[in-house]
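A.B. asks: Sharing a structure, written as structure tokens. Questions coming.
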């Protein structure tokens, strides 16, 4: 029984390792329209990462690149953050007035 479990474990490890290798090989595709690139470099084309092989052939991932449409621009987010960081003058005045009367907030 122990030998049977060992054989199953070895088979599963072999299958898992072989599967990972196959998936790794499918991540990058040879670009048919690409010119030569600088060997052993990587670069991006849109959202896809490309790597350059030793012979100057580029291989890239093939993900669909969707343009992100953010409703808030970076500027509006920064303005909101500044508003949150800076207490309003009205709140500061009310707090000071309450402290003078001996009330705490």
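Residue 1 is the first one shown; counting continues down the chain.
In case you wondered, yes, glycine gets a Cβ from its N, Cα and C as well.
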A.B. asks: Region 'Disordered' per TrEMBL sits at which of 48-76, 77-105?
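C.D. replies: In TrEMBL, residues 77-105 carry the label region 'Disordered'.
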A.B. asks: With an 8 Å cut-off on Cβ-Cβ distance and a minimum sequence separation of at least 6, pull the same-chain contacts of residue 37 (disulfide bond), or say none.
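C.D. replies: Those within reach of residue 37 (disulfide bond), by Cβ under 8 Å and sequence separation of 6 or more, are 43, 50, 52, 56, 57, 58.
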A.B. asks: Counting each residue once, how many in the domain 'Pacifastin' (34-68) are helix, strand and coil under DSSP?
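C.D. replies: Its residues divide into 0 helix, 12 strand, 23 coil.
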